[in-house]
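Trainee: Sharing the feature lines straight out of TrEMBL:
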type    : residues              : note
BINDING : HIS50, HIS134, HIS138 : divalent metal cation binding site
Amino acid sequence: MLTPTSARMLADYKRWANRETFAIVMALPATEIYKERVSLFKSFAHSLNHTYVVDRIWQAHIEGREHGIPALNTVTHPDIEDLWTAQQEIDEWYAAWAGSQTETSLAREKDYALIGGNTGRMSQGEILMHVVNHNSYHRGFVADLLTQMSAPRPSVDLPVYKRNLAERVVHS
């Protein structure tokens with residue numbers, strides 16, 4: 001079972017990793033951000049938009065409401081700066097939500113229906129773990145796109161986050 005402390009750490013890690021990733025992507029020329037490449041979601045913007053869309057879908061499941069998103073490849077924010085603003089908002093939502101959780105609330109089960117029609121049930125803690133893992137998985141696609149163009153890649157593994165966090169504490 002996910003503990004409240006682990007939930008807070010995972011949500012903060014997700015926020016940090018997205019910040020690191022967007023910083024590198026947004027430093028690229030706009031033509032590179034939107035250029036179609038050989039990848040599952042074909043561009044940096046589309047790959048990052050997909051993770052945002054999935055974040056919103058699972059937020060709706062946690063809140064017990066319809067998400068209104070018709071497909072996993074729905075482009076909600078075609079402009080990378082607008083997408084970054086929206087991603088920061090959803091990352092803050094997950095961080096605040098995780099910060100308010102107890103062991104009981106993290107264990108609370110939620111029914112969900114996926115876009116393809118499959119249904120299931122997971123605890124809220126499992127949903128958070130899925131969202132964090134899903135983000136990590138697709139940041140790997142972004143790293144691959146960066147590799148294809150010989151650009152620097154973000155170092156966003158959990159141990160790097162933990163080391164970064166420890167260094168911030170030492171220097172504060």
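Placed from the backbone N, Cα and C atoms, the Cβ positions cover glycine too.
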Trainee: Near HIS50 (divalent metal cation binding site), which residues of its chain come within a Cβ-Cβ distance under 8 Å, counting only those 6 or more away in sequence?
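Mentor: Looking at Cβ-Cβ distances below 8 Å from HIS50 (divalent metal cation binding site), excluding near sequence neighbours, one finds PHE41, LEU72, ASN73, HIS138.
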Trainee: Need the DSSP three-state call for HIS138 (divalent metal cation binding site) to compare against my parser.
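Mentor: Looking at the DSSP assignment, HIS138 (divalent metal cation binding site) belongs to a helix.
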Trainee: Write out, in the order they occur in the sequence, the residues of the chain not among HIS50, HIS134, HIS138 that have a C-beta within 8 Å of the mean position of the C-beta atoms of the recorded divalent metal cation site.
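Mentor: Everything else in range on the chain: SER47, THR51, VAL54, ASN135, TYR137, PHE141.
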Trainee: When a 10 Å sphere is centred on the Cβ of HIS134 (divalent metal cation binding site), how many other Cβ atoms does it contain?
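Mentor: 17, counting other Cβ atoms within 10 Å of HIS134 (divalent metal cation binding site).
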Trainee: Work out the three-state DSSP category of HIS50 (divalent metal cation binding site).
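Mentor: Its secondary structure by DSSP: helix.
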